[in-house]
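Feature annotations, reproduced from TrEMBL:
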- 27-479: domain 'Major facilitator superfamily (MFS) profile' (DOMAIN)
- 20-40: transmembrane segment (TRANSMEM)
- 82-100: transmembrane segment (TRANSMEM)
- 112-131: transmembrane segment (TRANSMEM)
- 137-159: transmembrane segment (TRANSMEM)
- 171-194: transmembrane segment (TRANSMEM)
- 200-223: transmembrane segment (TRANSMEM)
- 285-309: transmembrane segment (TRANSMEM)
- 321-343: transmembrane segment (TRANSMEM)
- 350-374: transmembrane segment (TRANSMEM)
- 386-407: transmembrane segment (TRANSMEM)
- 428-448: transmembrane segment (TRANSMEM)
- 454-475: transmembrane segment (TRANSMEM)
Amino acid sequence: MAGGGIDPGPGNGKEYPGELTLYVTVTCIVAAMGGLIFGYDIGISGGVTSMDSFLEKFFPSVYRKEKADTSKNQYCKFDSQTLTMFTSSLYLAALLSSLVASSVTRKFGRKLSMLFGGILFCAGALINGFAQAVWMLIVGRILLGFGIGFANQSVPLYLSEMAPYKYRGSLNIVFQLSITVGILVANVLNYFFAKIDGGWGWRLSLGGAMVPALIITVGSIVLPETPNSMIERGRHEEAKAKLLRIRGVHSVDEEFNDLVTASEASKQVEHPWRNILQRKYRPQLTMAIMIPFFQQLTGINVIMFYAPVLFRTIGFGDDASLMSAVITGGVNVLATMVSIYGVDKWGRRFLFLEGGSQMLICQVLVAIFIGVKFGVDGNPGDLPKWYAIVVVLFICIYVAGFAWSWGPLGWLVPSEIFPLEIRSAAQSINVSVNMFFTFIIAQVFLTLLCHLKFGLFLFFAFFVIIMTIFVFFFLPETKNIPIEEMVVVWKQHWFWSRFMTDVEYTNGGTVEMGKGGDAFKKV
């Protein structure tokens, strides 16, 4: 592919035997439900912050501004740093906890990290549901953030290590499917809870986060540990027995031996955070930073955080705005299923590039539609219903493009490219960058909307162009490559091969971990 990556077929590297067993399928589905807590929170925040009873109790200045604003400027009605801090404080907490989660995940296993995530999220949901003051909301959000940090650090790694390499993409994307289901459920609940007499429905919305928290908590207790994690902690016999059951074949000697070799190499690395800065890990480190950075600058969280607020801004009433958020949530779920079907058939690069192009076109069209009707003063005048529906239609097409490309692949690709010796540290970097820019976008979105107006969509469209070009030139194809053999894609890439001078690999050969993890040799 001109200027792009490579598509290493099954012949480039080892082909470990393994079937998609019922056991591993159920295990991965249960683990992937850890995404429910992240999705539920994303979906619930925007709906709650658009409920008058919630604003009146905790953010009265925003409520008064909204009710008293007679300027008709729809762009600036909700511009409040206090309100956005309620939403975005969670992501700073998730950033910090993901760094701690790296050590927990590596030393004590993926399961314990998932358990911590569930317990912390459950505590945050309880505090938010019974909140009487803003400080209780913020404390609850911080605990929710700690929970998300642990879950997002461990679940994608768990899935990538458990899944047979030929099905790794599909099973890993179930995590993103859980996120989208969480968003949809939250939007549906917001729609109905907003109608409760007495205006206390927001308590049910926030407290309802306990349900997905309990799911991941119980799931982490009953799930098996990954063979990789067992080997890291010296439980070799258990790991081999577990690998046999997971793969559903009679012999896993080749894969098991490679896992042991990789584990021994990883133990030579005393400081994975320092090690990840080595030249030979430059490709993985770059992707661990750039992919989550670009994922947040697609503008998707603008839609998901503030969908009800956004739809009220473009002329929908209270109920209609919440229902529009439900519609986009449904599109999100269905489109993610397309990715589950196609990621191991069409490849990661195809979905990245197609999704990026689709999002770009829709963002430009939405900017034009809003710009034509709202202008720069934010006064749409008499906004025809069909006009608002057209805007929602293009937003839905945009959401679909994200949901089968940058949404799931933003978690899948980083989780499958890291060598074992830096895997936990690199995944923490991935989660931290993701949460940092999620925080930034959540915190500045309403201010940007007030100042950039319809140009905000063009702002994000610019980054979609940049990230699509980045994928075309710098991201190699990783489908059908065993996770412990991923070095081949970097060694054969036109650009990244220059950083792999201490790695020996010849196309068509089989790669093997050398001593200390410093070299791979053709055998």
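Using N, Cα and C of the backbone, Cβ positions are placed for all residues, glycine too.
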Among the recorded stretches 82-100, 171-194, 321-343, which has the greatest number of Cβ pairs closer than 8 Å to the transmembrane segment (428-448)?
82-100
Cβ-based contact of the transmembrane segment (386-407) with the transmembrane segment (20-40), 3 or more pairs under 8 Å:
no
Long-range neighbours of the transmembrane segment (454-475), counting only residues six or more past its ends (CB under 8 A)
3-5, 286-287, 290, 294, 297-299, 302, 348-349, 352-353, 356-357, 359-360, 363-364, 366-367, 370-371, 374, 406, 413, 445, 448, 495-496
For the transmembrane segment (171-194), could you work out the same-chain residues 6 or more beyond its ends whose Cβ comes under 8 Å from its Cβ atoms?
24-25, 28-29, 31-44, 47-48, 51, 155-156, 159-160, 162-163, 201-202, 204-205, 208, 212, 304, 307-308, 318-319, 322-323, 325-326, 328-330, 332-333, 336-337, 339-340, 343, 403, 407-409, 411-412, 415-416
Intrachain neighbours beyond the transmembrane segment (82-100), with Cβ under 8 angstroms and 6 or more residues off its ends:
41, 45-46, 49, 55, 58-59, 61-62, 120, 134, 137-138, 141-150, 152-153, 305, 428, 431-432, 435-436, 438-440, 442-447
Distal contacts, the transmembrane segment (321-343) - CB-CB under 8 A, six or more residues away:
43, 46-47, 50, 169-170, 173-174, 176-177, 180-181, 183-184, 186-188, 190-191, 194, 303-304, 307-312, 351, 392, 395-396, 399-405, 407-409, 412, 479
Sequence-remote partners of the transmembrane segment (20-40) [C-beta within less than 8 Å, at least six residues beyond its ends]
114, 117-118, 121, 144, 147-148, 151-152, 154-155, 158-159, 162-164, 167, 171-172, 174-186, 208-209, 212-213, 215-216, 219-220, 222-224, 245-248
Report, as numbers and ranges, every residue of the chain located at least six residues beyond the transmembrane segment (112-131) whose Cβ falls under 8 Å of a Cβ in that stretch; write 'none' if there are none.
31, 34, 37, 58, 97, 101, 104-105, 137, 139-155, 158, 203-204, 206-210, 212-221, 223
